[in-house]
Each structure stands twice: as structure tokens, then as C-alpha cells.
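Working notes, beginning with the structure itself.
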Amino acid sequence: MAPVPDPNSVGGGAKRDEATTKIPSKDSKKKDDKKEEDLSEEDLQLKQNLELYVERVQDPNPELQKIALESMRKEIRDSTSSMTSVPKPLKFLRPHYGVLKEFHAKMAESDLKKMLADILSVLALTMSAEGERESLNYRLNGSESDIGSWGHEYVRNLAGEIAKEYTIRQGEESSIEDLMDLVQQIVSFHMKHNAETEAVDLLMDVEDLDLLLEHVDNTNFRRTCNYLTSAAKYLPGPDDMLVLDIAYMIYIKFAEYPNALQIALFLDNMQYVKQVFTSCTDLVKKKQFCYMIARHGMTFELDQEMVANDEDKEALQDIVNNSKLSEGYLTLARDIEVMEAKTPEDIYKAHLLDGRASSGPSVDSARQNLSATFVNAFVNAGFGQDKLMTVPSDSTSGSAGNWLFKNKEHGKTSAVASLGMIQLWDVETGLGHLDKYFHSNDNPVVAGALLGVGIVNCGIKNDCDPAFALLSGYIDNEDSSVRIGAIMGLGIAYAGSQNDQIKIRLSPILNDANAPLDVIAFAALSLGMIYVGSCNEEVAQSIIFALMDRSEAELGEALTRFLPLGLGLLYLGKQESVEATAEVSKTFNEKIRKYCDMTLLSCAYAGTGNVLKVQDLLAQCGEHLVKGDIHQGPAVIGLAMVAMSEELGLDMEIRSLERVLQYGEQNIRRAVPLALGLLCISNPKVTVMDTLSRLSHDTDSEVAMAAIISLGLIGAGTNNARIAGMLRNLSSYYYKDASLLFCVRIAQGFVHMGKGLLTLNPFHSERLLLSPTALAGIVTLLHACLDMKSIILGKYHYVLYFLVLAMQPRMMLTVDQSLKPISVPVRVGQAVDVVGQAGRPKTITGFQTHSTPVLLAAGERAELATEKYIPLSPILEGFVILKENPDYREE
């Protein structure tokens with residue numbers, strides 16, 4: 001027997017409800033009554049009031065109309081001050097929206113019509129059809145009353161409609177004055193209510209960022225500028241530069257000079273840099289500016305305008321010239337207690353491996369000794385002492401002389417040059433150590449001494465120009481290895497300096513029909529480095545003619561790739577400026593034409609994150625290979641160069657490269673590890689580490705070599721234990737293959753670079769600024785790695801020393817106003833992006849407290865853990881001057 005359904009049971013009730021909802025009542029009045037019964041007394045009262053107001057608004061008596069409109073306005077205003085859900089008045093007025101619109105259209109021009117337009121503008125917020133922009137139209141016809149009284153949501157909606165209307169009017173070329181008056185009001189409202197980001201967005205949409213300058217004040221200019229600088233990364237040119245210009249002006253307006261200087265450096269605008277110096281009157285602050293310029297690797301001459309007093313000017317110029325770098329670096333090394341020299345064996349840790357590899361050939365092979373030379377140079381870089389080259393000559397075993405002669409011909413060049421690396425940044429001592437090798441009759445030794453002079457002077461400027469004085473005499477030597485030593489030395493010592501004396505000496509070599517190809521290639525590369533990012537026409541012409549003069553056979557040589565690279569470096573990061581040269585490159589011999597095109601494109605857009613260029617380069621990678629084409633290598637490296645500027649693009653690029661690996665042809669697979677190495681340089685991301693580890697066992701030895709070198713690059717200067725372990729295992733895996741073992745050793749040298757105190761990352765100042773010289777050094781090495789066998793495993797292994805351009809201490813060293821190091825507690829943790837967030841959120845997470853000097857890993861940020869001092873730099877990296885806080889009270 002079927003159970004009798006209980007009319008009060010839940011199920012039955014639910015069914016009944018369903019039935020009532022499904023069948024619409026014929027009598028709509030009953031339905032309305034039912035709805036009204038659901039309302040609370042207050043809501044019912046409000047609904048009835050609003051309906052009454054709607055009727056009164058249509059009353060012929062203007063007095064009644066006015067009272068009704070004012071009452072309606074009050075109800076709506078009270079409810080829209082905060083919008084968590086659609087306010088009740090807007091709900092209840094929904095059915096009457098059409099009626100009010102019709103009545104508004106019929107009304108004669110009067111203040112009452114404007115009042116009604118204001119109310120309709122707010123109602124349109126929830127009621128107008130998509131894309132009609134009714135809210136804005138009624139606002140423009142309404143009164144001039146305060147826009148903010150209707151609440152944030154209304155203002156935000158209006159801003160969105162203005163942006164669309166602006167675009168349409170620009171297309172029609174009609175007047176936008178009425179819109180701009182409204183924009184003024186909205187921006188003013190946003191800036192007063194901590195919504196700086198929305199104000200900036202609106203002004204970007206209506207292309208009038210200059211308005212910001214009127215509306216920023218002391219409380220919100222920092223947040224505004226932070227947003228401007230981070231938004232600039234995602235804007236197409238030339239908008240990005242305009243946005244940064246505004247940020248610069250705001251910083252100058254509020255005397256926030258260190259931040260202004262950073263933007264001036266980013267824009268590469270020398271006038272702005274000078275303006276920062278002339279606007280600021282505080283000498284100690286100027287010292288901090290000098291440290292910032294020195295870290296950027298910029299050649300900069302101070303003049304009377306910037307610093308009036310000669311003595312002060314000299315002291316400041318010393319800082320710009322980086323003459324304090326070695327001292328600071330060694331202070332850090334002593335503090336962390338890593339001064340003791342390390343031998344290559346300390347790095348290889350062969351005792352940790354099982355017997356096979358460690359009991360390998362015990363005879364000294366030239367290649368093993370060469371790799372030990374490099375490992376020794378990179379690991380002890382800048383420490384001024386090691387156990388192979390700087391040992392006093394009286395100790396018999398392993399003295400410098402002995403070690404030098406364990407290397408064969410061109411190996412001696414790298415061995416002597418390694419002295420420059422060990423004495424890095426300490427010019428006087430370094431030149432003293434190298435001096436004796438100039439008197440040698442052995443050309444490779446002299447070449448090494450010349451290169452060593454260049455390395456020791458890297459990034460250090462000196463009034464008496466010792467590098468030029470020593471090297472210029474050897475530029476036209478008969479022996480090509482000596483010439484290359486001098487030319488490379490000049491390129492490294494004067495990178496980024498745009499030194500005309502050197503141009504006068506090196507340019508003739510490019511067009512000398514009798515000069516050997518390798519000398520011409522290195523001359524082009526050195527000129528590219530000295531004039532990096534300068535777009536210098538003369539140098540570009542010289543390199544273009546040199547490329548046109550090459551014979552078919554020479555264009556097939558491995559070193560020829562340095563000519564297009566030298567040309568590309570002239571336009572590093574300069575975007576459209578490269579176009580004329582790129583057109584000329586289309587006339588080159590087809591053997592080098594595409595290679596040149598890819599190199600120019602990737603250099604010009606390096607660090608810009610330009611999505612369209614990434615797509616162009618990916619398209620090149622997708623083409624099928626025609627025999628003899630070598631242009632896809634630089635295209636893959638170009639992908640990394642363009643996309644490395646910000647985190648989002650970088651992660652996207654890593655994923656794209658995974659696809660390129662899967663579907664690309666063999667020559668592309670050889671370049672992918674190098675691109676990954678550049679994207680994560682000195683920043684060992686686990687996913688990339690695993691990919692490279694997989695590729696390091698690839699059946700194609702070129703892919704394996706590139707992956708091994710890249711493992712070294714992503715771990716460069718980090719002492720990363722996991723990468724060190726991988727490389728140790730690879731050294732036992734490849735113990736029979738001299739070439740691959742050489743690559744493993746080089747990578748081990750990179751990982752332990754400067755005993756873990758250095759970084760190769762070309763970005764600094766919290767990834768805002770890109771040092772062009774540093775990137776030039778890294779890219780040169782990567783292009784050389786595209787043909788490992790001919791260049792790095794051939795006789796041009798000293799190309800590895802170009803990396804010195806990117807080597808910088810990853811330290812934060814605090815000094816007092818007289819530039820003496822002081823130790824203060826600082827918190828070091830993962831940096832958090834707080835741009836556009838409300839309030840004052842924490843800028844670091846997961847921090848530890850240390851005493852300065854401290855090391856900063858990739859993605860880390862430091863902040864002072866004491867209020868006793870105020871830092872003069874907004875970004876705590878490198879040398880930071882602290883001044884005592886006058887308001888500080890000891891507890």
C-alpha cells in the first residue's frame with residue numbers, strides 16, 4: 001500500500017514550491033502581493049516611498065518634483081556608500097527606470113532635469129544595457145555636483161565608460177573636453193581615497209598622465225610611482241617610456257632622488273642623471289648615487305655643476321669608478337670567513353665518487369690542466385690569492401711557473417690571464433703580478449698577460465688609464481694571439497665606456513684586408529662591448545663593411561659569428577633604433593644574413609619583454625632547417641634575451657622552450673639549454689635544473705655540453721649543493737670523454753664562483769635595472785657555446801673570460817657617512833610584490849635576521865631590522881650608506 005504523503009513534509013513542500021515556481025500565476029497582482037509579503041516592514045516602507053517619489057517626479061508642480069528628487073537622491077546616496085550587494089533602492093527602482101528615462105527626455109532644460117539625470121546616471125550602473133554607456137551620458141547631462149557622494153562603485157563604473165567613450169571619440173575626432181572635466185573629478189576622488197592604481201589606469205586610457213602631477217601628494221606619491229614603474233613593463237613602446245618619465249618627474253617633485261636616479265638609469269637618460277645630481281644638495285646622498293651608478297656599470301664623469309668642491313668631486317668620482325669595490329668585497333669575504341684559497345680538487349671532491357672516475361688517468365692531460373686553470377680562476381675570483389698562480393716563487397711544488405708550463409701553447413694564455421681574474425678589481429696588485437709576464441719571449445704568455453690586464457681592470461675606471469697605456473702598444477703586433485689578447489683586454493676593460501681613442505685604434509683592423517679572421521672577429525666584438533647600447537653609426541658601418549668583405553669560406557668559420565654579435569651589441573635594448581641596420585643586413589651573403597638578422601633582433605629587444613618579437617623568434621624556430629643554416633641558434637637565445645625581464649614572461653618562456661625541445665630540430669635542441677641558462681642565470685629553479693639534468697645525458701654530445709654549461713650558469717656563484725652533486729656525478733659518467741669532462745669542470749667552476757659570493761645576474765636593484773655590459777658578456781659566451789667544438793673546446797677557450805663582465809658581488813654592505821663599514825641587523829627574506837596592494841603590507845616573507853654584510857640570493861630582499869639608522873638607498877643591495885636616525889631613542 002502506497003504511503004500517504006504528508007502535506008507538511010519537506011519533500012512534499014519542496015514539490016509544492018516547485019509547482020508554484022513553475023506555473024506563473026494568471027493574476028499578476030496576487031504575485032506582487034506575495035512578493036510584498038516577503039519584504040520586511042522597513043523594505044516595504046522604502047519601496048512604497050520610492051514608488052511615491054517616482055510618481056511625484058512626474059507631477060507638473062516643480063516644488064513637488066524637487067522634494068521628490070531630493071528624497072530619492074538621499075535614499076540612493078545613503079545606500080551606495082558601500083556596495084557589498086545591489087542596494088535596495090536600486091532594486092526597487094528597476095521597474096521604473098524606463099518611465100524615468102522617458103520623463104527625462106520630455107522635461108524642459110532646468111536644474112530639476114539635471115538632478116534627475118544624476119539619479120538616472122546612478123540607476124544606469126545596474127540597469128543599462130551592456131555597451132550603452134548610459135551612466136556616462138546622463139552624468140554629462142547632469143549637474144556638476146560632487147561625484148564621490150555616490151560611492152566608489154559608481155565612480156569606478158564611470159571611469160570604465162569614459163575609457164570606452166574616449167576611444168570612440170578619438171576615432172571620430174570629436175571634442176573630449178567634457179570627458180576631461182569628468183576625468184579631473186574622478187582622478188581627484190581616487191587619489192584622495194587610496195585608489196591610486198585606478199587613477200593611473202584611467203589616465204593611461206585617456207592618454208593624459210600629466211594630470212597625475214597635480215594630484216599626487218606626500219602620502220600617495222610612492223604608491224603611485226611604484227605602480228607606474230611596474231606597469232611600464234607591460235606597456236608597448238613608446239608608452240612605457242612616457243609612463244616612466246612621469247614617475248621620474250613625480251620623484252623629483254618630492255625630492256625622492258635615489259628613486260628618480262634609478263628611473264633615469266632605466267631610461268638611459270644622461271640629462272636626467274645630471275638633473276638628479278644638480279637638484280640634490282646633500283653630499284652624502286650624492287655618494288649613494290655614485291654607488292648606484294657604479295653598480296650599474298656606467299661610465300660617468302662628474303662636473304662642477306653636479307659637485308662644486310673639487311675634493312668632494314674627486315671622492316665621488318672614485319666611487320663611480322668602482323675603486324672601492326675590491327675593498328668591500330674582501331670585507332664581505334673576511335666577515336663570512338672564506339678568505340682561504342681553494343684548489344680545483346676542493347671543488348671536484350673526487351673522494352665522494354665511487355672508485356671508477358677518481359682512479360681515472362692520473363697523468364696530467366693538457367685539457368684537464370686547462371679546466372683546472374679556469375676552475376681556479378673562477379673560484380678564487382677577486383680574492384687576490386690562490387694555490388696555483390700566486391704562490392711565492394720560492395716554494396718549489398706548484399709555483400706559478402710550474403703551473404703555467406703544465407699548459408700547452410694557447411693554454412698558457414688562459415693560465416696567465418687567470419691571474420687577472422684572481423686579482424679582479426684590485427688594479428695595482430694585479431698589474432704587479434702580471435708585469436713579469438710581459439717580458440716573456442713566449443707569445444701566448446704575453447697574450448695572457450694582456451688579457452689579464454683587461455680582466456683586472458674590468459668595471460674599474462682609472463684616471464691614468466693603465467689598461468689603455470699597456471695594451472694599445474700590442475694592438476698591431478705581428479703575432480695574432482698577442483693582438484687578440486690586447487683587443488679582448490681592451491674590450492673587457494672599457495666595456496660600455498664609448499672610448500673614442502680605442503675606436504680609432506680598433507676600427508682600421510676591421511677593414512684591413514691582411515688581418516686574420518680571428519683578429520677581425522675579436523675586434524668587432526670588443527668594439528660592440530665598448531659601444532654597447534650606444535647605436536654608434538661609425539662602429540656599425542665598420543662592422544658592416546667587414547662582414548661584406550668576408551669571403552664565402554670565411555663566412556663558414558665559427559668565429560665569424562662574432563661580427564654580427566658585435567653589431568647587435570651596439571643596439572642592445574635600443575628597440576626600433578636597430579631597424580636601419582637590420583635593413584642593411586638583408587643585403588649580406590645568405591650564409592650569414594639570417595644569423596645577423598636574428599642576432600640584431602634579439603639584442604635590440606633584449607630585456608624588453610616584447611611579446612611580438614618573441615612570436616617572431618618562435619616562428620623562426622618553427623621553420624624546417626635548410627642545410628647549412630645556423631640562424632636558429634641565436635633565435636632561441638634571443639627568446640630568452642627578450643623574455644628575461646620580468647617573472648611572468650620568464651615563466652611563459654620556460655614553458656615555450658619545453659615545447660621547442662619536444663618538437664624542434666636538432667640544431668634548436670642544442671641552443672635550448674643555453675636559453676634556459678640565461679633565463680635562470682644565478683637563480684637555480686628546480687624545474688629548469690631537472691630539465692638541464694635530463695639533457696646533460698643526451699645522446700647528442702652538443703646538447704649535453706650545452707646543458708652542462710647551463711647547469712653551471714643557473715647555479716653560478718650559489719654553491720648550490722644539488723647542482724654540485726649533479727656535476728660530480730656527470731664527471732664520473734663522462735670520465736672517458738675529454739670534451740664533456742672539460743665542460744663539467746667549467747660548470748663546477750661557475751657554481752662555486754667567488755666561493756659563492758658572486759652572481760652573474762645582469763639584473764639588479766630588485767630586477768628593475770639591466771646592466772648592458774653584464775648582459776653583453778653573458779650573451780657573448782652563449783653565442784660561443786653555439787659552436788663549442790670550434791671555439792671553447794678549440795683554441796679560443798679564453799672567451800670564457802668574457803663572463804667577468806657580469807660578475808658582481810651579491811652582497812649588501814652597510815657603510816656610515818664616512819664610508820667605513822658598519823654592522824647592523826637586517827632581515828633577509830623572499831621579496832613580495834606589494835604593488836597596488838592596500839595599506840602597508842610586508843615586503844618580505846620567511847625572513848632571517850643577520851648582521852651586515854650579508855649575501856642576497858636571487859629573489860631575496862633585505863630591510864633594516866633597527867630604527868637606529870636610515871638607509872639612503874631605497875633598495876638595499878650592494879653598498880648602502882646609513883645615516884643615524886635623529887628621532888631614535890634607545891629603550
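Including glycine, each Cβ sits where the backbone N, Cα and C put it.
These numbers come from a predicted model, not from an experiment.
Under the heading region 'Disordered', Swiss-Prot lists 1-43.
The compositional bias 'Basic and acidic residues' annotation in Swiss-Prot covers 14-37.
Per Swiss-Prot, repeat 'PC 1' is recorded for 414-447. Residues 322, 325-326, 329, 370, 373-374, 376-378, 380-386, 388-390, 400, 403-404, 407, 453-460, 462, 466, 470, 474, 479, 481-482, 484-486, 797-798, 800-801, 804, 807 of the same chain sit 6 or more residues outside the repeat 'PC 1' (414-447) yet have a Cβ under 8 Å from a Cβ within it.
Away from its own ends, the repeat 'PC 2' (448-484) comes close to residues 297, 299, 320-323, 325, 410, 412-421, 423-427, 430-431, 434, 437-438, 440, 490-495, 497, 499, 501-502, 505-506, 509, 516, 518-519, 522, 773, 798, 801, 804-805 of its chain (Cβ-Cβ under 8 Å, at least six residues beyond either end). What Swiss-Prot records for 448-484 is repeat 'PC 2'.
Broken down with DSSP, the repeat 'PC 3' (485-519) shows 23 helix, 0 strand, 12 coil. Annotation source Swiss-Prot lists repeat 'PC 3' at 485-519.
Per Swiss-Prot, the feature repeat 'PC 4' maps to 522-556. According to DSSP, the secondary structure content of the repeat 'PC 4' (522-556) in residues is 26 helix, 0 strand, 9 coil.
Annotated repeat 'PC 5' per Swiss-Prot: 565-594, in sequence order. In terms of DSSP helix, strand and coil, the repeat 'PC 5' (565-594) has 21 helix, 0 strand, 9 coil.
Look at Swiss-Prot and you will find 674-705 tagged as repeat 'PC 6'. Same-chain residues lying 6 or more positions outside the repeat 'PC 6' (674-705) and placing a CB less than 8 Å from one of its CB atoms are 636-637, 639-641, 643-644, 650, 653-654, 657-658, 661, 666, 711-718, 720, 722-723, 726, 730, 733, 737, 739-740, 743, 759-762, 778-779, 782, 785-786, 788-789, 806, 810, 858-859.
On the 0 to 100 pLDDT scale, the repeat 'PC 7' (724-739) averages 90 in this prediction. Marked as repeat 'PC 7' by Swiss-Prot: 724-739.
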Within-chain partners of the repeat 'PC 5' (565-594) [C-beta distance under 8 Å, separation at least 6 from its ends]: 237, 268, 524-529, 531-536, 539-540, 543-544, 547-548, 550, 552, 555-556, 600-608, 610, 620, 628-629, 631, 770, 772, 775-776, 779-780, 783
For the repeat 'PC 3' (485-519), distant same-chain residues with Cβ under 8 A (at least six beyond the ends): 297-299, 413, 417, 446-455, 457-459, 461, 467-468, 471-472, 474-475, 477, 525-527, 529-534, 536, 538-539, 542-543, 545-546, 549-550, 554, 557, 559-560, 772-773, 776-777, 796, 798, 801-802, 804-805
